[in-house]
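Some features that TrEMBL has for this protein:
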- 1-26: compositional bias 'Acidic residues' (COMPBIAS)
- 41-125: domain 'WDR36/Utp21 C-terminal' (DOMAIN)
- 188-291: domain 'WDR36/Utp21 C-terminal' (DOMAIN)
- 1-41: region 'Disordered' (REGION)
- 118-139: region 'Disordered' (REGION)
């Protein structure tokens, strides 16, 4: 019996040795998998993925009005007699100041994907060769206003550049989602807009959302809703999408209700919101019952 037990122990030790060698080989070969906190890609298309922004960022965006009201000074600030002023400038060796109305200058401070999307929507070179006279300049300015390329808001310019990929179909639902949402061009255009939103602070993002209502036709608001619907379909940046939706409806809710073109997008938004909540409701309530 003792000899048999000794043989079994030797066999168990022999089985453990290859596993240790495999583990060491994986570490030496650099085959270690990244942790969840280091993985920037979505693990599964059906999983709700957060934006990796700090929780305070989203909370500040939702409660920005209350924060500004609380931080109001008791007395109006007194402007110094000789106060210096600073102009925004571009990165580089030579000092170059930024023109806020120049889309090219605004694109220089954007992520690479956002700048590429704006460049793809720029007017053709033939249009720039029409002449430099007053009539030609007025015609180009009018055409840029109609196309939205002269918009002061960078978010508006990005939404207009991504407009061909944000169509929700005739019924406001997925429509062409089988071909459009799954295509690489549509995904790249949507990611370019969201990449820009991820670089903004709470105050800058709130300002961009407010600027969506400057268009009397409601076109910008409809495109913003279509972008949120696409993000709900892909389930990326979930908490940021919810915060933007909260601020958007609070600021422009009445304007959306009076815009007939926004009805299909609102219906699609409600449908995807309900679908996502139905999937989250059961596990959340189960966890609350276990913790109670």
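If you go along the chain as it appears here, the first residue is 1 and each next one adds 1.
Yeah, the Cβs are placed from backbone N, Cα and C, and that goes for glycine too.
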TODO: State the mean pLDDT for the domain 'WDR36/Utp21 C-terminal' (41-125).
DONE: 74
Task: DSSP-derived helix, strand and coil totals, residue by residue, for the domain 'WDR36/Utp21 C-terminal' (188-291) - done: 92 helix, 0 strand, 12 coil
